[in-house]
Amino acid sequence: MSSRWKILFLSYCGVILYVSSLSPKELPDGPALVSDKILHLCEYGLFGILAWGAFGVRKGVFPWGLVVLGAWFGIMDECWQDWIGKSRSADVWDAAADAVGSLLGVMVAQLFWIKR
């Protein structure tokens with residue numbers, strides 16, 4: 001794939017880490033009707049799509065490596081939040097939502113690119 005996708009992917013990883021570094025007071029209020037876990041699903045869904053675009057895979061092979069990358073990044077992101085402090089803490093359920101979001105994002109990307 002093009003280097004444009006790689007730049008987008010790496011930039012998005014940086015945005016995730018930047019937002020994770022903010023204190024709860026610095027974060028905008030999310031919609032009251034949307035669960036925190038849904039936000040994690042969406043965040044890592046986009047991660048999965050961008051990872052697919054950045055790294056691509058062979059046709060006919062499901063890219064489990066990209067899903068593992070998303071799960072690993074989600075775990076590291078949660079550890080980062082715990083380490084950085086600022087009244088943030090790691091949450092295993094957030095990491096689980098990150099992993100599921102990554103899986104869903106990769107699946108959506110695969111369906112899109114296969115049909116092209």
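Indices start at 1 and increase along the chain as displayed.
Cβ coordinates come from backbone N, Cα and C, glycine included.
Predicted automatically and left uncurated, TrEMBL annotations should be read as such.
Here is what TrEMBL records for this protein:
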- 36-112: domain 'VanZ-like' (DOMAIN)
- 37-55: transmembrane segment (TRANSMEM)
- 60-75: transmembrane segment (TRANSMEM)
- 95-114: transmembrane segment (TRANSMEM)
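In the predicted model, the domain 'VanZ-like' (36-112) has a mean pLDDT of 91. Helix first, then strand, then coil: DSSP counts for the domain 'VanZ-like' (36-112) stand at 62 helix, 0 strand, 15 coil.
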